[in-house]
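Enquirer: So Swiss-Prot lists these for the protein:
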BINDING   THR13, GLY14, GLY15, ASN124, ARG165, SER193, GLN294  UDP-N-acetyl-alpha-D-glucosamine binding site
Amino acid sequence: MVKGVIVLAAGGTGGHLFPAEALAHELKARGWDVHLATDARAQRFAGAFAEDHVHVIRSATIAGRNPIALLKTFWSLWQGNLDSRKLFRRLKPKLVAGFGGYPTLPPLYAASNMNIPTMVHEQNAVMGRANKGLAGRVKAIAGGFLPETGGVYAEKTVTTGNPVRPPVLAAAETSYKPVKADERFRLLVFGGSQGAQFFSTAIPAAVALLPDRDRARLLITQQARKEDEAAVREAYKKLGVPADVAPFFNDMPARMADAQFVISRSGASTVSEITVIGRPAMLVPFPHALDHDQAANAAALAAVGGGEVVRQSELSPERLAEILQAAMNEPQRLEAQAKAAKSVGKPDAARLLADLAEAIAAGKSVQEFKEGTRP
């Protein structure tokens, strides 16, 4: 028997849609009929939803100060509000949950005005602009890294963590293996489509500065943009360092589980996967990230001793070589960082998020949820 309808609203990018998809799987398993409200960009990411359960809502991004452009934007948002009201009158959802991005504004505003229970999920350690605009209206805020104490909305915040993919959960079963001074040292380097270019030049240059003894121990897996792939591979070949270089790895969680040390950007999904699997990391926040969310995510991991944060502007090849050499010769420190990272991982984030969603759909407050039996 179907418990009722829940609508998930998300911007049309993978970062917003993947956690929504993870929650959808969990809610469907519990007997809910789950629909997705999004924008036209979402078609390539919305495979987890049946075609008749994906609803394109008119929306627009608020950017710039041009009066005509702003007028068009607010007109699109108003039309999206009307779209959402029409949809909700038909579906009669028990809950509308937002996952960030401007396309969530019309559905969440419409739902709150129609007295439908609402909540948002924020992946990052600082709220994005859309979620920040909704925070005062919704019944609950689920956070990937947001704390439950301090801050304006702490009383309705629950730190659920960010849902991760099944391969990440499988990789988390592999314990961290510190290596001895004469053993191979597996280094994993990745940075996403925007961030990998810096690593493509900086890491090979740093490896070239390592003492021969340390360089001979390295086994590198590195993500590189397609236009950088050949140059990165050739650089390691000249140095005599075995390296697997590619624009994308389907088995990235397994490669992370095999690594002794990770160098990466600090997007919410990346940091969540590092903590669930439990690996020591040097995080280099993307310097142009909106709202400085990557810096905040990295700081959250560093605060518990799960790794270190270094600004890109501070990473000369010489500094990188120092960090690499220290990591390769301090296995006990890396093992402690791995344990610290794993201690804050949330492998059950999808379940926790679904528990909160069901509580809000049932009319409970966040305080009642916190005082009840928490998983």
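Don't overthink the numbers, they just go from 1 along the chain as shown.
Cβ atoms are placed via backbone N, Cα and C, with glycine included.
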Enquirer: Near GLN294 (UDP-N-acetyl-alpha-D-glucosamine binding site), how many other Cβ atoms are within 10 Å of its Cβ?
Expert: 28
Enquirer: Would you mind checking how many other C-beta atoms are within 10 angstroms of the C-beta on ASN124 (UDP-N-acetyl-alpha-D-glucosamine binding site)?
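Expert: Excluding its own Cβ, the number within 10 Å is 27.
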Enquirer: Note down the number of other Cβ atoms within 10 Å of the Cβ of ARG165 (UDP-N-acetyl-alpha-D-glucosamine binding site), including every protein chain shown.
Expert: 17
Enquirer: Residues with Cβ closer than 8 Å to the Cβ of GLY15 (UDP-N-acetyl-alpha-D-glucosamine binding site), same chain and 6+ apart in sequence?
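Expert: Those within reach of GLY15 (UDP-N-acetyl-alpha-D-glucosamine binding site), by Cβ under 8 Å and sequence separation of 6 or more, are GLY100, GLN123, GLY267, ALA268, SER269.
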